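Q: I have a structure I would like to understand better, so I am pasting it below and will then ask my questions one at a time.
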Amino acid sequence: MRRLLIIGNWKLNGNKNTITNLIITLVNTFDNISKCNVAIAPPVMYLDITKRYLLNSRIQLCAQNVDIHLSGSFTGDISAEMLQDLNVRYALIGHSERRIHHKENDAYIAKKFFILKKVGLIPILCVGENKREYDSGYTQSVCINQINTIITLLGIEAFKNSVIAYEPIWAIGSGASASPENAQLVHKSIRDYIASYDTSIADKITIQYGGSVTPENVTKFFDQKDIDGVLVGAASLNANSFSMIVQTAENHKKSYPA
Ligand code: PEP
């Protein structure tokens, strides 16, 4: 059975003080969470300090990025083994901000996917269309193409115990989320596409929605059959908002006991 997965992506925000305060509040607030999965993605600089506060908590750690190499002369990069060393469970790859600002393409993202699987971390593959593609009706083909590169290079098996996050680029940080009904259509097309290779992987894979999720709009996303959680940016930087989103997941009829 799929469980709702809520991830907070803190991006390039915070400092030692604000991150510590936020994590302490969340750990206390999420004490009773048992039916959904929750992870936070602090800036890499603060993964270690965050980890220490999460010791007896059900909140898991997510990295915002990973390099394609495990070690060597790659100044400034972070390896999947280093993340594993810090008990990181998930890593975001293919986020549109990295595709845009760092020119990461599908083939390069597939290498990140591969290295994460190799060390046993769970990739969260972000896919999604820009506004022009959305307006032209290319949403589903853009997402399928992004997923297809992984399937072609790594095989459908790579999606076992992996996560996909559908994040329309125009919805990220804009305050204008996709409509839950349209997001559902995209999620279903992704699941159907994976099912065309392997129905068991398709049934089990978690497909999150991301893009201007708030406590106010999140229930309608959870109500959709193929939406298995949310990837949250701005609202996850506010302890109240993020707690409300997680509590909504915990109370949702889709949530299952651990
Ligand atoms: C994101 O960057 O992944 C994201 C979903 O951001 P926001 O929630 O701020 O739109």
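In case you wondered, yes, glycine gets a Cβ from its N, Cα and C as well.
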Q: Check TrEMBL for me: it has Asn9, Trp10, Lys11, Gly173 binding substrate, so pick out which one of Ser57, Ser136, Ser141, Ser212 it puts in that same site.
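A: Same substrate site in TrEMBL: Ser212.
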Q: Tell me whether Asn9 (substrate binding site) sits in a helix, a strand or coil according to DSSP.
A: strand
Q: Please give me the recorded positions out of Asn9, Trp10, Lys11, His95, Gly173 that lie within 10 Å of Glu167 (active site, proton acceptor), comparing Cα atoms only.
A: His95
Q: Please report the three-state DSSP label of Ser212 (substrate binding site).
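A: Looking at the DSSP assignment, Ser212 (substrate binding site) belongs to neither helix nor strand, so coil.
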Q: Given a separation of at least six residues and a C-beta threshold under 8 Å, show me what packs close to His95 (active site, electrophile) in the same chain.
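A: Same-chain residues close to His95 (active site, electrophile) (Cβ under 8 Å, separated by 6 or more) are Asn9, Gln64, Asn65, Cys126, Glu167.
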Q: Pairwise over Asn9, Trp10, Lys11, Gly173, Ser212, annotated as binding substrate, what's the top Cα to Cα distance to the nearest Å?
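A: In whole numbers, the farthest two Cα atoms are 14 Å apart.
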